[in-house]
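Working notes, structure below.
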Amino acid sequence: MTSGDLDEGVHEITSAETAYTDAPTVKRPGDEDLYAEKDAHSSLAGSPAQSAMDVKGTAIDIPYAEHESLPIAVPRLKRRGLFGQLTLLAEVENPKTYLRKTKWFITFIVALAGSTAPMGSSILFPSLSQISKEMDAPTTVVNLNISLYMLTHSISMLIVMRMLSGGASASVQAVGAGTIADLWDPHERGRAMSIFYLGPLCGPLLAPIVGGALAERWRWRSTMWFLAVYGGIIVIFIFFALPETLANRKQPHGDEQAPVEQQLSRMSSRQVVHFTAKWLKAPKMVFLDPLKIVLYLRYPAVLLTVYYASITFGSLYVLNVSVEHTFSTNPYNFSTIIVGCLYIPNSLGYIAASVFGGRWMDQIMQREARKAGRYDEHGELIYRPEDRMRENAWLGAFLYPAALIWYGWTADKGVFWFAPMAANFFFGIGSMLIFSMSTTMLTEFMPNKSSTGVALNNFMRNIFSCIGSLVTAPIIDAIGNGWLFTILGLVAFASSSVILAMKVFGPRWRKSMDAVSH
């Protein structure tokens, strides 16, 4: 460092100290005893140093970069969301300035909520045969209530109610991934996204065990009561502890986007427009607006990422149905609760990949940015979504198809149960690497519409899982586990060419998306 640099730094700090007399004191959510808010609409975010009050009331200077600035709390009456004023955790102007412990707490809540949909679909796996016998319905029809995602006395009502509950709980995964993108910077997002995905993927770990135990003791309807209680607890967490995390963007001023009725001069015309818009807005929002996300498939980067994640997710549901269908019949003939325990190995693989894979992915991303020499004017690394597709992607692309073929033939030949379950463990590792990578990449390809990208991913992959759940049992009866999972494994191996395509063409596709968005 030269003397000129030092003088410049001293001058900047002195300027910041001078500016303190006119600067507001800000409040740090989760640390009320340190800071008190004087003006929620002002900050020192652009200064190289910021003054605050310590516990004794003494002014201190805290140097920080822009991304390390203190969080500025939004006044309670100005919080967004239907019940935003009731949340105990304050909303802030820039969610990335939350304390790390606050970020992890929000991530934990979102992960917990994200487990509801997969838990609801997985809790019935051990008792599918029980439902089929009690309701006198074919196995394929019973599987439909899982793929579409109540106490009822008909299979039709069960399917309808499960479809409604699945639709309600599925929104958490899309909005939850968007919340993670709101909170975390790109170089930390991989680990955070992996922890978030522990929720949706721990559902299949715990749900079959709980479902098997409940179904064996109180029959399968008790699992629905369990889900109702679990959902109620999650609602309380969301209601009181989950603030709005989307950064508040200023609305355009002037006549740029003035409502149509403000541009009309005649009162009768304004009334007609207002009345018509009022009644057309709701149907449009319900039936047409959700389908707009499909238009993003015109971008090759989004299309290939969603396709690869969907193939992987569809394979997961084929495997889950196969476990129940295979191990509840000859030659294994396991009881309901034992069948539930057979879902543990792949879930342990999910956990292992989440704990270590996310941090590994972030390290790979930082390494690639340094190798390419990408730095901004502040000396910070510039990250690219395609940096995440390196050796971690190739490991996942090899592990999960190989594990599918391994499971298929060992289960088909009636080999000792440990052999197919070992394959499921490696399937869990490989598939989790693909899930976390693809979801994180979508939030970065679409930084301003991260929830939209994840919603599109969920929409497409659930179509694949629906089809997989419906056709698995009949195909196993026709050709056996061996050939089914060989075909599926070969399709998965071929689909890994997406990784190569993203490596070669990804930068060009991303730039074209950025050009369109701007």
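Glycine too: its Cβ is placed from the backbone N, Cα and C atoms.
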> Which of these ranges is annotated region 'Disordered' in TrEMBL: 1-30, 361-390?
Replying inline: 1-30
>> Looking only at the recorded stretches 224-242, 293-317, 392-409, which one has the largest tally of CB-CB distances under 8 Å to the transmembrane segment (104-126)?
In response: 224-242
> Quick one: do the transmembrane segment (195-218) and the transmembrane segment (459-476) reach 3+ CB pairs under 8 Å, ignoring pairs fewer than 6 apart in sequence?
Replying inline: no
>> Quick check for me: are there 3+ Cβ pairs below 8 Å between the transmembrane segment (459-476) and the transmembrane segment (293-317), leaving out pairs under 6 residues apart?
In response: yes
>> Which residues of the chain, 6 or more past the ends of the transmembrane segment (293-317), have a CB below 8 A from one of its CBs?
In response: 146-147, 385, 400, 404, 427, 431, 434-435, 438-439, 441-442, 445-446, 452-453, 455-457, 459-465, 467-469, 472, 488, 491-492, 495-496, 498-499, 501-502, 505-506, 509-510, 512-513
>> Under 8 Å between C-beta atoms and at least six residues away from its ends: which parts of the chain pack against the transmembrane segment (224-242)?
In response: 83, 86-89, 105-106, 109-110, 112-113, 116, 119-120, 123, 150-151, 165, 169, 210-211, 214
